[in-house]
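Trainee: Below are the features I grabbed from TrEMBL:
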- 23-43: transmembrane segment (TRANSMEM)
- 55-79: transmembrane segment (TRANSMEM)
- 116-135: transmembrane segment (TRANSMEM)
- 155-180: transmembrane segment (TRANSMEM)
- 201-224: transmembrane segment (TRANSMEM)
- 262-284: transmembrane segment (TRANSMEM)
- 379-388: compositional bias 'Polar residues' (COMPBIAS)
- 379-405: region 'Disordered' (REGION)
- 395-404: compositional bias 'Low complexity' (COMPBIAS)
- 479-504: region 'Disordered' (REGION)
């Protein structure tokens, strides 16, 4: 991703320095964390004093210093990978196959390989720190005939493989649970208090995930452990000691000492990585104050209104929206700068830019929700129609090819008299001899009003005149043609194809190749629908579509808060009335968005809250953003209505919006 010089300067001065500070603190916290790990892995209740002495001697040894250097390098590498892969908008897979595609992306494969290698390095450091039988990969032994030889230390090999397995599983879980997603907290805290409050959660998540990772590793090693063991022995010319129980057996798996040391080592690995991730989240999401306006024009790109209009990088836009929401709520002096007029000229450029960007965000979300609802409705209609025979499908395909035939009134009103007869009567006059037996006297007072509408010439201002331009009407075309069952229920006979010659339909008949491809497509669909595994991969995950639709709703929440607080403050602080010019647009955008959100929550799985997981470092907020947006939207409208009260009745808006706004004024929403 290439950014402008302004954005690169901001990333270097703000984001990179914040990331560097988080990595530095992670490295500084590494010695006490390692000391605690060494104490827990070598502690003896029978000899506590000797344990402390041995741990101090181990921590000051040359091998421990080298291990510290390696662990510091691993922590720095984890910090750089977090900086490279972090995101403020989570990537949500709507199906199993989409999630599999994310895991197999080349960029993610490189990330997984890097974590696997770093996990192996941490495993080696843990084996050296624990010592005893885990310290070296080979040890001197004797063969059956008494000759000395080097034997494989399988305990050390298990530590290395367990570290690689934990690192690989951590990378995969990072994609599945969106661990690299950076969430902005609603309540602002000092960094120290935030870190202190999150530390117990890090310890809990690390220990629980380490337990499951070790369990899965032992299962894999029990069945496939002979593969790396044989390869290492052939590569390094090592031998297996027959006097020692192999660890890929029942006797080796139930070794409690080995299980404990594997679990404590995996916990140490995950704890150091999660601490780095936690500190990165705390530092990057810290509030950054942008100037509203500057005296010198060469620095105007650093102003808040200018930054809001940029969409890349997204962290910059999110920090700007966060600052806007906070200043609209807590800073009267900065609000006055937003309401101020430019000199010379007297134009409210700051307010115009801020309000335009916030309204653009709300409009974009409204359009996305409307498109999603139309897609769901269209899929529902096409699914119900496609359940019929293959003949219905081909007829619908031929119908949708001609827009004039789709919008013809004869489709909605089937009659015995052919529609072409009325067309000839219109062209040849009311008293044409060709149409006398079929067409009644339209000037008679007993003529049917529906018949007059059918035979009357089309008005050019009518939406039915000419070719249809609206995509919404086009999508309703299959419903207009599915009148055979409806006509039978209502009692009117269906139109006979022999009585209605339609040369346009014959011209629009699909070709042999199109029919062949359509038939093959239906055959492939029916074949895949019978395969359980394929349908398991292709089926939509519950709530995933709704979560993906509101994945970036944190920006919309800040936009709603900023607009509502600024409008509320303008009641007493806006000396020039700059907010009043856009108040109708703000209210209309909020009401349109609330209507779209209310429609969305009527869909299946949209109103069900997912279960909160306390055993993972994933941010739970992106799964509930739609609930936060709905609450923020209603609160924003109430904030405006309670401030202005009955003065809002003078604002120009549609009758439907005025009725909806009256519900807020009466506190009935």
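Note that Cβ sites are derived from N, Cα and C of the backbone, with glycine treated the same way.
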Trainee: Which sequence-distant residues neighbour the transmembrane segment (55-79)? Criterion: at least 6 residues beyond either end, Cβ under 8 Å.
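Mentor: Non-local partners: 19, 22-23, 26-27, 30-31, 34-35, 38-39, 42, 114, 118, 121-122, 124-125, 128-129, 131, 272-273, 276-277, 280.
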Trainee: Verify whether three or more Cβ pairs under 8 angstroms connect the transmembrane segment (201-224) with the transmembrane segment (23-43), leaving out any pair fewer than 6 apart in sequence.
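Mentor: Between the transmembrane segment (201-224) and the transmembrane segment (23-43), which are separate recorded stretches, there is no contact, as judged by 3 or more close Cβ pairs.
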Trainee: Where else in the chain does the transmembrane segment (155-180) make close Cβ contacts, counting only residues six or more beyond its ends and a cut-off under 8 Å?
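Mentor: That would be 82, 85-87, 90-92, 99, 102-103, 108, 111-112, 114-124, 126-127, 133-137, 209-210, 213-214, 216-217, 220-221, 228-229, 232, 247, 258, 261-262, 265-266, 269-270, 273, 277, 616-619, 622.
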